[in-house]
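Enquirer: Right, I'll just put the structure down here and ask away after.
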Amino acid sequence: MVAAGKSDLSLPKTFACSAFAACVGEVCTIPLDTAKVRLQLQKSALAGDVTLPKYRGLLGTVGTIAREEGLRSLWKGVVPGLHRQCLFGGLRIGMYEPVKNLYVGKDFVGDVPLSKKILAGLTTGALGIMVANPTDLVKVRLQAEGKLAAGAPRRYSGALNAYSTIVRQEGVRALWTGLGPNVARNAIINAAELASYDQVKETILKIPGFTDNVVTHILSGLGAGFFAVCIGSPVDVVKSRMMGDSGAYKGTIDCFVKTLKSDGPMAFYKGFIPNFGRLGSWNVIMFLTLEQAKKYVRELDASKRN
């Protein structure tokens, strides 16, 4: 991120660095994302029901999945997850600087206002997920497969089979199921992540003794993850439930109301800890990788010029 200046890398190079960094973050943290999705899709026990919830907490959920389904199940959905990050990560992160510069004007000098950073994050998050929604849908569907009883036939044999099966059985439009809450979620979370990283990094660099190094990137990444989860959890829960149980809800508002009535307001923060564990670590890994990837590309460009 460049807090106030113009990007010193071309758009294709920025896109490539962003997509690569997002994919690294995805591979490293998808077990936590799988745990988050399972917790969000788990319905609260009915009043008087003695059945205890199957999944309890981040580590408990990860352990249960690994024990009952094998370690590989923790990476279920990694293929569409990487598809998603190549498209969505590359677009939302790669376009952030150009869009931010567009909003402030080419002749702007100084620190970019926080409002412009937020607006740029909302814009690139919304545009990016409109393209990448099918990959998000398939990822959630594959992660939700573990809800099926032991021995029950699986709907999909893999990512490509999931795409074709959904199109064949539900139509092409089904690939954009949950687009409304997904656009809202990703626009909000993207703005929270990128704007907060930008702002926190800019603030830290003004403190004597701090430089643009790994420590600054880690602190900024943790701040980005925290703000993203606090702001985006409710719409994230709605998105996961709509994509995981597509026939149970008529739309975004219907899903919100039914969730509120059946599970109460705290249901919108179900999985908060694993969500923060995932997004906090994802942001640290992604931004560290992004900063190093950009540094490497700059050095490579400089060596070619010399």
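Just so you know, glycine gets a Cβ as well, placed from its N, Cα and C.
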Enquirer: Among 93-113, 177-197, indicate the range for which Swiss-Prot gives the feature transmembrane segment.
Expert: 177-197
Enquirer: According to Swiss-Prot, which of these ranges is transmembrane segment: 71-91, 155-175?
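Expert: Residues 71-91 are the ones Swiss-Prot records as transmembrane segment.
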Enquirer: Any residues 6+ beyond the ends of the transmembrane segment (177-197) with a Cβ under 8 Å from its own?
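Expert: Result: 1, 88, 92-93, 96, 114, 117-126, 128-130, 133, 136-137, 170, 220-221, 223-225, 227-228, 230-232, 235-236, 238-239, 242-243, 246, 251-252, 255, 279, 283, 287.
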Enquirer: Which residues, given as numbers and ranges, are at least 6 beyond the ends of the transmembrane segment (15-35) yet have a Cβ under 8 Å from it?
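Expert: Residues 9, 55, 58, 61-62, 65, 73-78, 81-82, 84-95, 143, 146, 271, 274, 277-278, 281-283, 285-287, 289-290, 293-294, 297.
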Enquirer: What are the helix, strand and coil residue counts for the repeat 'Solcar 3' (212-296) according to DSSP?
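Expert: Secondary-structure breakdown of the repeat 'Solcar 3' (212-296): 73 helix, 0 strand, 12 coil.
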Enquirer: Near the transmembrane segment (118-138), which residues from the same chain, at least 6 beyond its ends, have a CB less than 8 A from one of its CBs?
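Expert: Same-chain contacts beyond the ends: 77, 80-81, 83-84, 87-89, 91-93, 95-96, 99-100, 102-103, 156, 159, 162-163, 166, 174-179, 182-183, 186-195, 243.
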